[in-house]
Structure formats: structure tokens, C-alpha cells
Amino acid sequence: MDISSSPPIVGGEEEEEAMLLLETETPTHSNDIVPDSVDYYGRPVHRSNSGRWRSASLIICVEIAERFAYYGINSNLINYLTGPLGQSTAAAAENVNAWSGTASLTPLLGALVADSFLGRYRTIVFASLFYILGLGLLTLSAVFPFFSSSNCQTTDNADACSPPRFQVVLFFFSLYLVAIAQGGHKPCVQAFGADQFDPLDPIECKARSSFFNWWYFGMSGGNIVTVSVLNYVQDNFNWGLGFGIPCVVMCLALVIFWLGTLTYRFSSRCDKISPFVRIGMVFNKTVRNWRATSVATSIEETRMQCHQDSQQLKFLNKALLAPDDHSAEDGQISKINDVEEEKGLLRLVPIWASCLIYAIIFAQAFTLFTKQAVTMDRSITPSFKIPSAALQSFINVSIVIFIPIYEQILVPIARTITGTPSGITKLQRVGTGIFLSVLTMAIAALVEKKRLEIAREYGSADVPNATVPMTIWWLVPQYLLIGISDAFTMVGLQEFFYDQVPREFRSIGLSLYLSIFGVGSFLSSFLIFVIEKTTGGKGRDGWISDNLNKGHLDYFYWLLCGLSALGFMTYLYFTRRYVYAHYYGKVI
């Protein structure tokens, strides 16, 4: 029987109780066969020579390569648009936001394709090929000859300095091809990596929790290399080489992924019906029975009455009612498994929504934090200044330092206290990160208040490009703290959305986690637009002024601090009512 068709074993409101129930009800396997898993050829797989860290390590390497390629574009894209492509700062910023938002939402489409049609392995292969094609075309668009800056300075015709239209079209076509490829690659690689651990085995269950930590550790380490090496190549050598290196890296990543094919574990699916079709059928039957007054109680509905979670989202139980003119066997009644899968997905919506404020906070590290840094003293030596965006590396540095401490010290201590394999529950981990984001914005507001006081004291308020005599290192604490917050929230959300969906929906689960930050990025832009319109205009400097020394960015940070605190309380409200579901148990 397909493990993905089994209903969730729902524990109490604490995950450790559910884990205890899982361990007590899970039968021990006397042989080495991994249940509900097959190899590439559809044969049963043995625990000793498949999956686990050997396969997961290869998949982590593939993700590091993909993140290297993605951030190799994203981290310096605005400089390419305002430089070789000759766009204005405003137009370039709009294009960057549109592309990054699209790249954060395409995983929903990629996950749907993977979970309904191709499977995760084939989706990763096809997405990697599209990635390589996109990067190759991007490199090709960057090696076209540009007019030199001296020619632009000697002509009054702005169009003469613009690159050929075909070159611009090729660049944006390539750029969005990468975004589409990222949509298929990102959710499937992580889900496929976690699939290499058997949740029914106590040792592998703990290893799977560690997998999410080391996954994010490797990804953050790769980002440090991207910021420190690849951006230097792009700025100081040429853009063709800067885009070509990620293309080569993705080619190597595809080869590495292919080499591990015979060691991977694949989910065995016995149900021929797409999981999305089954979910759609539940909705359809619920609507059809919504106003039903004369129904016969089906066997499935009787079983649901004995289910301890039947009181949640009770309206979906109508899908289990049998119309008088149909029998329970003619396909007019949904199965309890399908209804429980539907309920499990809908229970995620409040958690998803309550994390959007955190995504807005996280977006500031790459925008307004950087604008703060521009106005401060960035000198290391009389001839060298730290690039304002370089402080973003402290986020990844704090993650790289903190995750081993969390994994090797904090988790074992917490595990002995709580008895939970992961130390604390997934939602507790996410909540800790959200709480730290409140502290982050409070610290950022206090630092900005101090910066404005120094600017006024030294008469820099009315000078738009003046450097405030305040060292840039004042910003380091807020970067470090948001990095630690990231290590809690990001990893917790990844594991939560992977674990709390049926096996066939895991790619969709991880794409839902990614969509939090895509939507959060758009919400951040909208919030800034509203603040600009309401606090500025008619000769007034708003909170977010072009001259930050005359603005009140500290007020905006306090607003975000308050919204984050409100989001944290909302999150607590929903998590206290959330019931953990486990999809690895006996059929009810």
C-alpha cells in the first residue's frame, strides 16, 4: 500500500506526543528493506546501500551549486541593469523586484508538476537543463559588444548608448528562463533530499531533522562564496565570465546528481490518481453535499466519527456523505484519507499567513539596511571602503557559525529535556525566530535613532550625500541577529512544511514555504509605497526619504517592530490550536 495514501496519525497538540504514538504503533522491520520506497528501476531498496547521508550529501552539493548560480545573478543584478543595460535606478529596482518575486512564486508551479506528473527526480533533471540553458543564454547576452562609456559621453543621443534591442530581449528571456527553472529545482531538490531518510526508523528520523540544518548551513556557506568571489569577478573582470561560471557550476551539479541515481530512494506510488485530482474531488463533493438534507451515512463517514480530529474543518466531512441514489462504492463518496489530506493542507494556511510579517522584516536586510550603510563611515584604510552590500555576508556568517552550535549543543540538550528528536518542535523553532525578528527591528530602530542624532549634531542632515561620522560596525548586531533568526525560522519552516503534508505533496509543501518570502517581498514594497505616500509629499521629507539624514527610518523600523510583535502574537494564537499530523501510520 502506498504510504502517501495513509491518513495522518494525529497526536495531541504537542509534537512529542505524536512522535511517541508513532514509535509505539510503528511495526519493526526484521529485514533490511525500506518500506514504501523503491530504487530507480522500481525495485525494493535496502537500507544499507541506499539513501541516508551518502545520497543526501550529493543532493546538498547540488543545492549549493544552484544557490551559487541564483545568487550570482540576484546579488548583483541591479548593478548590471544600471550599468551595461543602461537602465535608471528606479527601473532597475522594479525589474529586480519583479524577477525575484517571480522566482519565489514559480516553485508553486514546479512543485505541482513534480507531485502530479513527472516526480521529483525527473523534475530536477529537466529544471537543471533549463537552468543551464538560461545561464548559457545569459552569458551569451552579456558578451555582446557594448558601446564604451567614452562614446556615451560624447553624444547627446541616449539611444546611441543603449544596447541593441535583441540583446535586451535575449537577456530578459534568459533571466526569466532561470526563474522558471528555479521554480522546478528549488522545492524538489530539498524534498528529494529529505526523502532519503526513512521516518519509520528512529535513527534516520533524527538524521532527517539534522538534514534540514546542514542543508541550510551548506547553502549559506555557498552564499558567502558568491558574495565574496563571484561579484568581484563581475565588477572587476567582465559580466560574461561572471554569468558563465555559474553555468559551468550547474553543469557539474547535474553530473553529480546523475552519479547518485542508483543510490537514491524513490517513493512507491500505487494510487494512479493525481493527488491534486483527489483533493479537487473532495472539494467538489463537499460543495455538492453542502445543502443536502437527505443523505445516507456512508461507511467512510461512520469511520470519520471515530476519528479524533473529525471536529476540525467539519465542513469537509460532507464529502463523506452518500447521496440516497448512490451506493458507497460508485465513486460518489470521498475516502477518509483524501478528506484528511485536504484538512492537513488547509490547517497550514493560518501558519503560512502569520509568517508573512517575518518575511517583510527579512526583506529589509537587503534593502533599507543597505541604504543605512551607504550613509555611514565605511573606511577600513584611507584608500579602502567596505561596500555597503558586503554587510549582508554577516547574515550568512552568523548562520554558518550558529547552525553547528545549534545542531551539536542545543539540540542534544533540548532532546534530553523534551524527548523530541529535533529538540524542540518545528513550530517552537519558527516562533523563536519570529521573536528574534522583533528584537532585530528594535535594535535597528535604536541604531538609526543614534545615527540621526549624530547626523544632526555634525550638521549632516541637510547634505544628501554626506557621510555621517558613525562607523558602519554599528549595523553588525542587527545583521547577526537577523541571521540567527533566519537559522531558526527558515529551517523550521522548511521542515514543518515538508513534514505536515502528505508524502505526495512534499514539493508543494516546500513551495508554500518559499511563497511566504515571495509574497512578503511584494508586501514590503507595498508597505514602503504606502509610507512614502502618507508621510512625504508636498515638500515634506517622509520617513523613507532620498536623504536618509532628513528622514525618519527609525519610525519605520519601530512600525515594523510593532507589526512583528503583532505577527508573533497571531502566530502564537494559531500554533496553540494547531494539531500536528503524521502521515506514516496505520489506516484508520
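Backbone N, Cα and C define each Cβ position, glycine as well.
Curation does not apply to TrEMBL; its annotations are automatic.
Taken verbatim from TrEMBL:
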- 124-146: transmembrane segment (TRANSMEM)
- 166-184: transmembrane segment (TRANSMEM)
- 214-233: transmembrane segment (TRANSMEM)
- 239-259: transmembrane segment (TRANSMEM)
- 345-366: transmembrane segment (TRANSMEM)
- 386-406: transmembrane segment (TRANSMEM)
- 427-447: transmembrane segment (TRANSMEM)
- 510-531: transmembrane segment (TRANSMEM)
- 555-574: transmembrane segment (TRANSMEM)
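Here the transmembrane segment (214-233) has long-range neighbours at 60-61, 63-65, 67-68, 71-72, 75-76, 190, 193, 241-242, 245-246, 389-390, 392-393, 395-397, 399-400, 403-404, 407, 487, 490-491, 494, meaning same-chain residues at least 6 beyond its ends whose C-beta is under 8 angstroms from one of its own. Residues 97, 100-101, 103-105, 107-108, 110-111, 183, 186-187, 190-191, 348, 352, 355-360, 362-364, 367, 493-494, 496-498, 542-544, 556, 559 of the same chain sit 6 or more residues outside the transmembrane segment (510-531) yet have a Cβ under 8 Å from a Cβ within it. Long-range Cβ contacts of the transmembrane segment (166-184) within its own chain (Cβ-Cβ under 8 Å, at least 6 residues beyond either end) map to 66, 69-70, 73, 85, 99, 102-103, 105-110, 113-114, 123-124, 126-128, 130-131, 133-135, 137-138, 140-142, 144, 511.
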